[in-house]
Ligand SMILES: Nc1ncnc2c1ncn2[C@@H]1O[C@H](COP(=O)(O)OP(=O)(O)OP(=O)(O)O)[C@@H](O)[C@H]1O
């Protein structure tokens, strides 16, 4: 079946479920989900923005002056009226005839990231959970507070960690009749080149356009996430690969635009026949989307800051790319908001091309325009305000996307789970039948029955039961990836309850330590991200610049190369082992397929010829030439046949043992791969695992040696 994405042409502000023509049957509205930590003033702002900003919310935030900046404010921020004005004193001082006044959907002054998120971003995030794409970005000159707003610090988690918490809380608070699959990607645009922050070795990322999928980047690594902490670890891993450098204005300046995307797939829970899973869950009116998967995307974007020319050549080059792409963004937005139908130059920069779908109206938008408070940045601040005013004129017309075929991962996994469950059922029935036949004896003689039972035992241990375990494991694994309100524990990253206890002092918010950098710049400079643990840790300050690869005014910080090399080495090692395991399995399968009589030995000889290296490595001490000769002599006499039959049995034991060991090895390696994938592998743990694997191999070799001795003794 062809992929079919339903995009009904509904009016922009009348969001309708693609499946239902009445809005009332949809999931609860975002307003209903506003958390208890939203203050009264925030709620009134939300109500107001519902009317004014609605699908495009533009917020402007002015950061407090830093220690070495002039403390005298040049801007007056009226949060109640969502207004920003140039201070009268400053206007008079500088001879400005007119006092500039700007109105937005919300305005902020200060460091409170939770308030900013609740008012300006939360609704966009919740929209995504309800099937509407949303794009959130921070725009402003360098050092104005974009990263502070988007990522934040341990003490002031920004938009991204708060959005992560909200996404999982949303699922937990659902009635249980929907299931979700979350996948994430993280990329950056550095000097007009796209880099995959979750897979930095991948270099040739390209932008493609598809009739139903729209504009997308490929090949881009996507990871499925199942907990807030795991998601934050993926982000930290991406952050560690981000291009960051020291500029004249910001010690820790983002030199690239980053786009973090969370794709939410959701569907109504049904059994294989498409009926609701349980009567209790079926009391909601049936909707057309019961038959499909709703797919939506949340893009969280931290743009690089515009900046003036600098003396450093590398920085100048970066700055030119940054300024050009921001200029294109401005141009694109002004063309979009023009009444006339003009050509929109999306293709003039990678940023606008990637954001094409979002900017052209298919996504809900939230923009945080950040300003520096000082007089010396007045010109840039006015430019940012003009940009923000232009964005305010965008009228998004987002629509639900419904996938009706197996293209959605959640659907594919559900189907696979059902198929596996049915296979598991068949295997169970087969085992039961075999057991019954074994106990009834089926008219066999005692000797025959004993032999049959031995074979059955072998097949139970090494055949059907293994298949059953493998099936169960795969079912468990897939089931864990699909989230429902009852499968995830509401373990938020942040404990906002601390806010109330401390009378509104939000700096005491708790966040699982190590997932975000500390606010203190000295401590931050000494943070080193460890991809094996997925955590940032602090080094003694004296070591920090070297460890963080501080470039002075020079090159980009591509941190932790050695750590990546470490992981890469292990992945290669694991790949090699996988290869060996695959070949060994093939060998074992061929032995099992052959007769249980002496021909096994000749089979080994043949295999030895074909797979010289593998076989010699795994069975180094066995004398196969002698084995071949012995096989040749098998016709010579009954005693030889008996002896070979005995050897054959011994070899089969070895093979079974190897198979068992290999299964264990495989499991260990899969675990290691998972650990590496989710950034949870710890150096000691990895070393222990590798040592264990060596021990297994040694054990296999020792076993071979003792078998060889026994065989030699048998041969006399
Ligand atoms: N609202 C705020 N409250 C307190 N400190 C802030 C705030 N915004 C920014 N800062 C501080 O200002 C400095 C610059 O902020 P940040 O790195 O977020 O700027 P940026 O706009 O992302 O810069 P660049 O474009 O160079 O990456 C940081 O030290 C940050 O901690």
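Cβ atoms are placed via backbone N, Cα and C, with glycine included.
Nobody curates TrEMBL annotations by hand; they come from automatic prediction.
Residues or ranges marked as region 'Disordered' by TrEMBL: 1-53 (among others).
Per TrEMBL, compositional bias 'Low complexity' is recorded for 17-46.
As annotated by TrEMBL, domain 'Kinesin motor' applies to 55-394.
The ATP binding site annotation in TrEMBL covers 140, 141, 142, 143, 144, 145, 146, 147. Residue 141 (ATP binding site) falls within a strand when secondary structure is assigned with DSSP.
Feature annotation from TrEMBL assigns region 'Disordered' to 260-293 (among others).
When pLDDT values are averaged over the coiled coil (403-437), the model yields 72. Sequence annotations record features per position, and here TrEMBL assigns coiled coil to 403-437 (among others).
The coiled coil feature in TrEMBL is assigned to 641-682 (among others).
In the vicinity of ligand 1, defined as a Cβ distance under 6 Å, the following of the binding-site residues 141, 144, 145 are placed: 144, 145. The number of other Cβ atoms within 10 Å of the Cβ belonging to residue 143 (ATP binding site), over all protein chains shown, comes to 23. All protein chains considered, the CB of residue 145 (ATP binding site) has 23 other CB atoms within 10 Å. DSSP assigns residue 146 (ATP binding site) to a helix.
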